[in-house]
Amino acid sequence: MATLIRSKISSAATSVTNKSQAKVSGMFARMGFQAATDEEALGFASCDDLDYEHRQGLQMDILKTEDGGADGVGETDVEGDSHYQRDGTGPPPYTSKDDGMCAELGGQDRPRITAWEAGWNVTNAIQGMFVLGLPYAILHGGYLGLFLIIFAAVVCCYTGKILIACLYEENEDGELVRVRDSYVDIANACCTPRFPKLGGRIVNVAQIIELVMTCILYVVVSGNLMYNSFPSLPVSQKSWSIIATAALLPCAFLKNLKAVSKFSLLCTLAHFVINILVIAYCLSRARDWAWDKVKFYIDVKKFPISIGIIVFSYTSQIFLPSLEGNMQKPKEFHCMMNWTHIAACILKGLFALVAYLTWADETKEVITDNLPSTIRAVVNIFLVAKALLSYPLPFFAAVEVIEKSLFQDGGRAIFPNCYGGDGRLKAWGLTLRCALVVFTLLMAIYVPHFALLMGLTGSLTGAGLCFLLPSLFHLKLLWRKLLWHQVFFDVSIFVIGGICSISGFIHSLEGLIEAFKYNIQD
């Protein structure tokens, strides 16, 4: 009798834990793969309804597990949505990873996304709002800046493919089997057996930095756009940033992102329209284009910052493992990566070139600030709306990663659980969320430089997640099966990426320190 009681108690405790894990991972599922990125991984809003149904299925599975526990089944493993368990914990390797996160629920196969839908999500990730900073990169890099846009597209496409290759291993029959779920799993596998969790922690730290920096950039760009849209008003850029942050404070109270993600999708479509309007305006002034201003020389001091800007505009690797696992035909992943990055390369190159040719040396950090005042205000207001509606997604993702790593990691958590027994957020947990919003405001106030922040983020986390780590992981996990030219590519990308990352980081950091000192004195 005592044994039966202990079994029921153990089952109930396990069920509560599984519900909590499924709730957290389900949040990532709803954000889709937006959580990772750098900015426009936010495009997974289009899969929101699909993810909602998946979470309902997870809840049913949990209930079934709880019922099964009453029959004497002790600690039952519920996988939940392990694709979104960023710390690499949770059940190891999936039994049918070919089914991805869309497992069979209720006897029926859930629909997965097609290659076209996956391509749309990748396009949102690498054709996002921060493309507006590319003409500024051409200002300091000339034709070499255009070459880097092409080079970064080729390298990011290649590293995305090799990152997915690291998810697979051959079984006894020589068939490729997916044995890992996420970027974190790959990182942990590379550090095993000496430091089995070190790699995942490094990736998590890089991810948090990139997400928080993305939030800061949204506040900076909102203040910048509003200030330049209404220069006659007695409101400074810092004041506009404070107003924008006041509108963002409710993000700390968010429990789900369903409505916000749908608005963000509409704003993404509006952003594409804005890009077309900017290009159309530039084409209307084609007779005045300053071709003689585009040269082969570079600004040695500012060009490394341009490298970070270009790299940051291509970041998407962090969510590619989950994306590939959710495709109907994973074999089409390589083809999808090819055409999305070719399209991104062409569009980014044309956008940056025609915008620079139109304004030449007067090109500003955010290109829409160069537009005539008659249309600038309308365009910038749309962009501000997009920025404010996109802010909750990386913010929520950063909060979830921090909470899962520091407050909800079972007995290994550094701090007490920030959620009560009823699943509600405790007061001090809410205070920490508000503090994170305020932190993004303070950074935006004291370092209100869009290009510098974007260059720093691209040089630090962008280059690391897109260039350095994928090539390093590929060499570590699959070096015995690589051909000589693959080894050469991986080593070259690692070396070149390292040099670009260090130089861009140093120059961006120097600029940020100078700007910070200036704003402190002011």
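Note that the numbers count up from 1, one per residue, in the order the chain is shown.
Each residue, glycine too, has its Cβ placed from N, Cα and C.
The feature region 'Disordered' is assigned by TrEMBL to 69-97.
Annotation source TrEMBL lists domain 'Amino acid transporter transmembrane' at 112-508.
If you look up TrEMBL, you'll see 144-168 (among others) marked as transmembrane segment.
Packing against the transmembrane segment (202-227) from elsewhere in the chain are residues 35-39, 86-87, 129-130, 132, 183-184, 187, 235-241, 243-245, 248, 315, 318, 365-366, 368-369, 380-381, 383-384, 387-388, 390-391, 394-395, 397-398, 401-402, 405, 436, 439-441, 443-444, 447-450, 453-454, 456-457, 460-462, 464-465, 469: each is 6 or more residues past its ends and has a CB under 8 Å from a CB in it. For 202-227 (among others), the entry in TrEMBL reads transmembrane segment.
Per TrEMBL, transmembrane segment is recorded for 239-256 (among others).
According to TrEMBL, the feature transmembrane segment maps to 263-283 (among others). Non-local neighbours of the transmembrane segment (263-283) in the same chain are 40, 42-43, 45-46, 124, 127-129, 131, 347, 350-351, 354-355, 357-358, 367-368, 371, 375, 379, 382-383, 385-386, 389-390, 393; each lies 6+ residues outside the stretch with a CB under 8 Å from one of its CB atoms.
Per TrEMBL, the feature transmembrane segment maps to 303-323 (among others). Only residues 6 or more beyond the boundaries of the transmembrane segment (303-323), in the same chain, are considered here, and those with a CB under 8 A from a CB of the stretch are 32-39, 41, 44, 83-84, 101, 113, 118, 121-122, 125-126, 128, 130-131, 133-134, 136-138, 140-141, 144-145, 148-149, 152-153, 156, 159-160, 163-164, 167, 180-183, 185-186, 203, 207, 210, 341, 344, 348, 451-452, 454-463, 465-467, 470, 500, 503-508, 511.
Annotation comment: TrEMBL describes 335-357 (among others) as transmembrane segment.
Taken from TrEMBL, the feature transmembrane segment applies to 377-399 (among others).
Remote same-chain partners of the transmembrane segment (430-447), defined as residues 6 or more beyond its termini with a Cβ less than 8 Å from a stretch Cβ, comprise 212, 215-216, 218-220, 223, 238, 241-242, 245, 248-249, 251-253, 395, 398-399, 418, 453, 512, 515-516, 519-520. The transmembrane segment annotation in TrEMBL covers 430-447 (among others).
What TrEMBL lists as transmembrane segment is 453-475 (among others). Sequence-distant contacts of the transmembrane segment (453-475) (same chain, six or more residues past either end, CB-CB distance under 8 Å): 38, 130, 133, 155-156, 159-160, 162-163, 165-166, 183, 186-187, 190, 203, 206-207, 209-210, 213-214, 216-217, 220, 304-318, 443, 447, 482, 486-487, 489-491, 493-494, 496-498, 500-505, 507-509, 511-512.
TrEMBL lists 487-506 (among others) with the feature transmembrane segment. Through the fold, the transmembrane segment (487-506) approaches residues 155, 158-159, 162, 304-305, 307-308, 311, 455-456, 458-460, 463-464, 466-468, 471-472, 474-475, 479 of its own chain, all at least 6 residues removed from its boundaries and within a Cβ separation under 8 Å.
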